[in-house]
Amino acid sequence: MNALAATNRNFKLASRLLGLDSKLEKSLLIPFREIKVECTIPKDDGTLQSYIGFRVQHDNARGPMKGGIRYHPEVDPDEVNALAQLMTWKTAVANIPYGGAKGGIGCNPSELSISELERLTRVFTQKIHDLIGTHMDVPAPDMGTGPQTMAWILDEYSKFHGYSPAVVTGKPIDLGGSLGRDAATGRGVLFATEALLNENGKSISGQRFVIQGFGNVGSWAAQLIDEKGGKIVAVSDITGAIKNKKGIDIPSLLKYTKENKGVKGFHGADSIDSNSILLEDCDVLIPAALGGVINRENANEIKAKFIVEAANHPTDPDADEILKKKGVVILPDIYANSGGVTVSYFEWVQNIQGFMWDEEKVNNELKNYMTKGFKDVKDMCKTHECDLRMGAFSLGVNRVARATVLRGWEA
């Protein structure tokens with residue numbers, strides 16, 4: 001099942017749980033606006049090349065729309081729609097005043113020079129500058145983009161609208177980016193995991209963790225869990241997978257991956273098959289890479305008691321059912337990986353106030369939001385007698401539905 005079908009399915013189930021009428025349900029699903037633009041730039045060799053840029057703005061009932069911009073050769077409109085919709089529910093679960101959006105450009109960033117990427121980003125911004133803004137739609141980095149991309153968007157947007165640091169988040173610190181943003185999603189995963197384990201009478205210390213994916217989110221989660229006394233017994237990334245029953249030395253692994261661009265060949269652990277990483281014996285499994293990795297083929301063999309979804313949509317609905325029967329507790333992506341967008345919100349707040357916070361304040365506020373978020377999800381689970389995924393979805397959908405009705409927008 002693709003991301004859009006799964007997101008729609010979860011929305012429909014949550015909607016039924018809440019007893020929403022069909023008109024309201026329909027109006028909540030339809031995107032506010034879909035934008036498609038042609039971006040033509042001169043390449044470094046003087047030839048002209050055209051790319052398609054797009055932005056799906058899903059919902060703005062609770063505030064400006066928020067979501068990433070990705071540069072990737074295969075940008076699937078269905079997936080972008082699903083991710084924009086997911087951002088609407090995610091920001092509502094986190095209780096930050098945003099709606100959802102997603103966008104990008106169909107290109108292969110590895111085949112473009114820095115100056116070509118800059119020209120492409122600036123042309124894209126020129127095409128959509130009237131449709132984004134501090135109180136309208138606030139983009140952020142995603143696959144294939146980063147702080148530099150955001151700096152170019154900020155500069156190009158400011159030519160039309162005056163200096164506007166809050167138009168994008170995930171900026172370089174020197175242009176109004178927030179301290180703590182780099183670690184935010186991984187740190188949010190730590191706080192989410194802590195809340196889940198505390199609820200079950202356990203703590204991070206002494207638990208065995210497996211982390212699939214060792215990019216930004218996975219590596220930060222590993223580092224922070226390790227500092228709290230968690231034992232990380234297996235890790236994988238695109239280069240391979242490694243395992244050490246006694247616990248991997250995470251500071252050494254972080255140093256090794258910086259120098260060697262991956263975990264493969266790390267001496268403090270044994271190499272294992274990447275496909276078996278999810279089936280390793282552990283207490284907490286953290287998928288932090290791609291979607292759809294836990295499916296009906298492998299769900300029966302998963303040994304973890306808890307799954308914390310740091311990636312978007314790592315568990316497909318078939319696997320959900322199998323794992324539920326086995327008694328595995330799944331902390332859903334819509335809550336577990338919301339640390340990144342929460343700190344993006346803090347960045348936006350700091351930019352609007354023109355007053356920057358120190359890193360300790362950012363981290364403390366993030367902990368407050370994640371802890372409160374878990375309590376809100378649990379309360380919804382008790383009210384509707386459902387699992388954490390449905391609790392989170394119904395919490396998000398309910399908040400958006402209430403804002404829609406209060407604004408007089410229901411059909």
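Yeah, the Cβs are placed from backbone N, Cα and C, and that goes for glycine too.
Pulled from TrEMBL:
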BINDING   K66, K90, S344  substrate binding site
ACT_SITE  K102  active site, proton donor
SITE      D142  site 'Important for catalysis'
BINDING   T185, N216  NAD(+) binding site
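Whole-number maximum of the Cα to Cα distances across the substrate-binding residues K66, K90, S344: 13 angstrom. Taking Cα separation as the measure, K66 (substrate binding site) is nearest to K102 of the recorded positions K102, D142, T185, N216. Non-local contacts of S344 (substrate binding site) by the CB criterion (under 8 A, 6+ apart in sequence, same chain) comprise K66, V138, A140, T169, G170, S178, R181, A184. Note: the Cα of N216 (NAD(+) binding site) and the Cα of K102 (active site, proton donor) are spaced 20 Å from each other. Looking at K90 (substrate binding site) and the residue listed as 'active site, proton donor', their Cα atoms lie 13 Å from each other. Cα-Cα distance from T185 (NAD(+) binding site) to D142 (site 'Important for catalysis'): 13 Å (rounded to the nearest whole number). The most crowded of the recorded positions listed here (K102, D142) is K102, judged by how many other CB atoms sit within 10 Å of its own CB.
With a 10 A radius on its CB, T185 (NAD(+) binding site) counts 24 other CB atoms from all the protein chains. Cα spacing between D142 (site 'Important for catalysis') and K102 (active site, proton donor): 9 Å, rounded to the nearest whole number. Within 8 A of the CB centroid of the substrate site residues K66, K90, S344, the other residues of that chain are G67, M87, T91, A94, I96, Y98, G100, A140, S338, G340, V341, T342, Y345. There are 29 other Cβ atoms within 10 Å of the Cβ belonging to K66 (substrate binding site). The Cβ neighbour count for K90 (substrate binding site), using a 10 Å radius and every protein chain shown, is 27.
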